[in-house]
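Heads up: the structure comes next, in structure tokens.
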Amino acid sequence: MRSAQVYRWQIPMDAGVVLRDRRLKTRDGLYVCLRDGEREGWGEISPLPGFSQETWEEAQTALLTWVNDWLQGSEGLPEMPSVAFGASCALAELTGVLPEAADYRAAPLCTGDPDDLVLRLADMPGEKIAKVKVGLYEAVRDGMVVNLLLEAIPDLHLRLDANRAWTPLKAQQFAKYVNPDYRARIAFLEEPCKTRDDSRAFARETGIAIAWDESLREADFTFEAEEGVRAVVIKPTLTGSLDKVREQVAAAHALGLTAVISSSIESSLGLTQLARIAAWLTPGTLPGLDTLHLMQAQQIRPWPGSALPCLKREELERLL
């Protein structure tokens, strides 16, 4: 006997979270809880403003329609990426497809003061990998900060994310301030330039490896082995169903590329599922999930070791 519940939620964000020149004051989303007999599965649907094609309101309409169809016995999935991902996660939990084992390691994220990152890395066991957002300030400053971090921590490897912020000139200004001896320890730089061709040229000219992120969601993108391209960064909330995520990971691995499962600033419930997906599909690769500290609360399922308060399902607004 199938049954389902849908919850709507809103989490206050820390001041200073900016996405595409727009301050994110709250993170808004939905949960779906599916039941079939004794089994239960949860999924999170939280379109990311400025990045997702769909709005939160559109996702809510699509989710409620899909849940009603599922209750009638339908087996299909919705079209919208965030809804398809959340629904497929709930189904994967319900059927036991999504393993429980999780990779709760996360590459620490530096969005501001590099001194904070140095302190966090000092306590990090094993392989030291961190992520730094670049392109928010002057390219020269970004280059100096990256150089400083690589110089200060000799066993550090950095993942950088520019979100296509730079012109070729700005990208070259960044590279100019990174010691060529340190560039090999830049694991990859996500989408440095506004176009893929400019990003490819940057990789060839500087020896700094790049990764595709936004490109994966463009209609003309194909998986290819290319000089200077080392990785793909997969954000499941923006990608679609769990099957589509699996297909992209498999396509990347077949070409010898690193596939990194990455957060779209999901709640703790969504992040714990991403940690399980990472352990399952990309074992041995540190996922990019260090975004919980941007929020003021957790929900339903806490992230291990987090001191943030965790809301229970009874405290959320139920829609169905």
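Every residue gets a Cβ built from N, Cα and C, even glycine.
According to Swiss-Prot, the active site, proton donor annotation covers K133, on the basis of sequence analysis. A strand conformation is recorded for K133 (active site, proton donor) in the three-state DSSP classification.
For D161, E190, D213, the entry in Swiss-Prot reads Mg(2+) binding site, with the evidence type sequence analysis. Note: D213 (Mg(2+) binding site) has non-local neighbours D161, N163, E190, E191, V232, V233, K235, S262, i.e. same-chain residues 6+ apart with C-beta under 8 A of its own C-beta.
The active site, proton acceptor feature in Swiss-Prot is assigned to K235; the stated evidence is sequence analysis. Neighbour density for K235 (active site, proton acceptor): within 10 A of its CB lie 25 other CB atoms from the protein chains shown.
According to DSSP, D213 (Mg(2+) binding site) sits in a coil region rather than a helix or strand. The 10 Å shell around the Cβ of E190 (Mg(2+) binding site) contains 27 further Cβ atoms across the protein chains shown. The sparsest Cβ neighbourhood within 10 Å, among the listed recorded positions (K133, D161), is found at K133.
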